[in-house]
Amino acid sequence: MSSSVLLPNTPEYKKAQRQYFKATKNRPANIDQQWTPFRAAEKHFKARFPPPDLSSVLDLAAADDSRTQEIIDGHWKGSPTSIESVKVPLKGRSSHAYIIPAIPGLVILPSFIPQEKQASLVRWSLSRHARKPNDTNLDVHYELPEEGLWNSWLKARTDPDKDILVQPKASVSQPLQSFPVGPRQLVNNEPASLETFKTISATPKPPAAPSPTAQPTPVSSLVHKMRWANIGWFYHWGTKQYDFTKGKGIIDPELKSVCDDAVKSVNWERVHGTSSADWGPHGPDWQTWDQTYEPDAGIVNFYQEKDTLMAHVDQSEVCATSPLVSISLGNTAVFLIGGLTRDTAPVPILLRSGDIVIMSGPACRRAYHGIPRILEGSLPRHLRVEALEKEETKEEWKPYEEYLRTSRININVRQVFPRGFDPYAESSPS
């Protein structure tokens with residue numbers, strides 16, 4: 001797989017131009033008037049032609065002289081001043097975080113993950129985590145190898161005879177799952193809370209049916225179709241609620257340490273100290289996050305270049321205000337975050353490899369957000385083989401670079417329950 005940036009007078013540019021004219025020639029002239037502000041922003045950044053103008057996109061790397069070469073290598077550049085941001089020092093560190101006044105509770109930690117740790121998290125995501133017992137989007141459809149798709153693919157790269165055919169699970173005896181008819185509902189789950197927890201827990205969560213059209217497929221083809229791997233408590237996509245009957249998965253200590261460090265390094269007084277938002281019946285809880293933050297669920301998202309994540313709201317966690325930590329690895333992405341409805345125009349932000357975003361507080365945690373674009377050709381040099389010195393390390397990293405050239409990995413971790421809450425108990429402390 002290859003990746004290229006669309007430059008004028010190149011064959012790729014002209015091809016995209018032809019595809020654009022073909023796709024839009026019968027489009028009604030006023031169709032954009034039917035779009036919400038969030039949808040209009042998604043359309044703008046998703047467009048392959050003409051390439052999107054990033055001058056309105058907040059790019060905090062552009063404010064850091066030490067990242068100049070990273071921006072040059074990655075081709076794409078936004079603006080450090082397009083959106084108002086406030087620089088605040090991190091506790092116990094020489095680096096800084098940024099808060100965005102337009103989105104109360106949003107905290108950006110540029111380049112928070114050291115370069116070597118980024119590579120370690122990439123290895124963890126692909127090799128150690130995306131395998132049993134952690135469910136992926138492909139497990140429902142295929143009998144995946146016990147060692148995981150990635151590890152099987154590594155063997156197949158050096159020995160084509162080991163590029164095994166992965167068998168589908170579907171059979172003629174299995175009934176097909178039915179879905180509600182009509183337009184797709186992006187948010188149709190009841191917001192979780194201590195008051196609604198028992199009702200939500202009792203909601204039936206039938207397993208998804210395997211695809212009846214899935215065919216035996218080589219490992220080498222399936223590895224690029226992996227889209228997510230579950231972390232901790234199992235998220236049931238059909239109901240957009242957690243299925244606690246599957247038990248609590250383990251949060252990897254390395255990942256937990258990164259999340260803890262990020263949350264505990266933020267001066268939350270600077271973020272929420274003047275907040276007048278409705279924090280619920282128990283009031284603000286940010287003063288205790290240093291002691292009470294305990295990540296217990298999440299997901300690893302595997303984006304290919306043309307993948308997007310539509311505007312959505314995360315409202316399945318009982319802890320509706322505690323920090324959601326999102327880690328970016330690989331290619332750069334455009335991140336959109338708006339308000340409580342799609343009628344609020346979103347703020348566009350460039351997220352580069354090593355950046356962390358923390359969504360916290362009642363407004364930010366319930367804000368619509370999404371990823372309309374992975375920026376092609378933006379893999380930073382420190383995740384390429386050319387940046388390594390030892391030959392054995394270069395050889396080991398080659399398949400990871402090959403994958404990352406056209407991919408972005410996002411690890412986002414959240415807290416479902418207050419610390420000490422037992423979902424299996426008849427009654428738990430509030």
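Backbone N, Cα and C atoms are what each Cβ position is placed from, and that goes for glycine too.
Quick look at what TrEMBL annotates:
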type    : residues               : note
BINDING : His312, Asp314, His369 : Fe cation binding site
DOMAIN  : 294-417                : domain 'Fe2OG dioxygenase'
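With DSSP states grouped into helix (H, G, I), strand (E, B) and coil, the domain 'Fe2OG dioxygenase' (294-417) comes out at 25 helix, 47 strand, 52 coil. Residues His312, Asp314, His369 make up the record's Fe cation site, and a Cβ search at 8 Å around their centroid adds Ala311, Val313, Ala367, Tyr368, Gly370 from the same chain. Listed binding-site residues: His312, Asp314, His369; maximum Cβ neighbour count within 10 Å falls on His369.
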